[in-house]
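Trainee: One structure follows; several queries about it will come next.
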Amino acid sequence: MAAAVFLLGLSMPAAGARHGRGRAFLSLAADMQPQVVAQTLVQVEDEWKAEARSVAECEAASALSGPACESGMPKKFEQSCTIVANAVLQASSGDRGVVQEYLTEVCSEDHLRGWRSELCQSFAEAVTSAMTADVYNNREELSTAGMCRKFWQGFAADEKASLQKEQAGKAAEAKRQAEAQSEAAQKAAQVAAAKATEQAKQHKAEEHAEWLRRQAEVKRQEQEERRQTEVAAEKVAEEAEHRAKEAQREIDEAQEAVKVIEVKQARANGTGPALEPQVDAQVSPRNATTQVLRQHSDKKVHKKTAKGAKAAVPGQSVAKSL
């Protein structure tokens with residue numbers, strides 16, 4: 001379909017002639033319209049490239065124990081290529097120079113860029129290489145099928161190399177991504193391991209801190225128990241001291257009472273305090289009481305003796321009273 005459109009473009013009249021070229025090219029350019037042909041050739045080249053890519057992919061798959069591919073030039077490509085080649089040859093009247101100049105003009109159009117322009121130039125080279133100086137032979141006897149077969153071989157080889165390059169690039173990219181993923185996984189594993197190690201250290205540190213806290217609590221409780229024991233001991237000591245002071249006070253009071261009794265006894269006996277023995281300051285309350293009772297008993301005996309003496313000597317009593 002695209003080749004038929006291409007052939008139609010070659011036969012359409014141009015809006016005007018181009019300038020600055022040879023007389024033969026001016027006549028040819030007026031009828032073949034390079035700009036329109038280039039625009040149509042875009043679709044033709046897309047079909048050619050698709051066929052070449054399909055064959056290259058089939059061969060690549062067949063190399064991996066896949067199904068066998070059809071050998072040789074595809075029929076569809078052969079028909080399309082011969083239509084375009086015959087149209088160029090007939091429109092140029094078989095003039096090799098005109099064909100070369102015309103196809104150069106077509107391949108330089110804005111519609112053909114990159115690989116499209118390269119494919120156009122390869123086709124132009126294949127056509128002009130098959131032509132001779134004999135215009136009649138070129139127009140009437142040139143084997144466009146043989147020319148297209150040779151063009152296909154080079155074009156298919158280039159497409160196969162392009163596919164291999166793409167596949168190698170994809171394989172390299174896949175390898176790079178796999179290595180990147182592996183590296184990322186290793187880094188993630190390292191990060192996870194480091195995190196686990198850090199968590200283990202933190203857990204161990206927390207356990208140690210908890211152990212220290214418990215030890216500190218035990219020590220605090222021991223100190224509190226010692227403090228309470230000391231407080232209780234101080235309280236017992238204070239109570240003992242208080243009881244000792246109280247006992248001493250009772251002793252002092254008893255001693256004072258003994259002294260008072262002794263003084264009273266001495267005065268009652270008329271002998272004075274100096275005649276009586278001194279009471280030891282360290283005597284216990286019980287001994288002091290015993291002493292007081294003993295002295296009291298002695299005092300009674302002394303009074304009885306005195307009364308007996310007075311009764312025996314009445315004169316003395318009278319004289320004393322006088």
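Note that Cβ sites are derived from N, Cα and C of the backbone, with glycine treated the same way.
Annotated compositional bias 'Low complexity' per TrEMBL: 179-197, in sequence order. The compositional bias 'Basic and acidic residues' annotation in TrEMBL covers 198-208. Under the heading compositional bias 'Polar residues', TrEMBL lists 284-294. The compositional bias 'Basic residues' feature in TrEMBL is assigned to 297-307. What TrEMBL lists as region 'Disordered' is 167-208, 269-322. As annotated by TrEMBL, signal peptide applies to 1-16.
For each listed feature, how buried is it and what is near it?
Mentor: Within the chain, the compositional bias 'Basic and acidic residues' (198-208) has no long-range Cβ neighbours under 8 A that lie six or more residues past its boundaries.
Sorting the region 'Disordered' (167-208) by DSSP state (H, G, I as helix; E, B as strand; all else coil) yields 42 helix, 0 strand, 0 coil.
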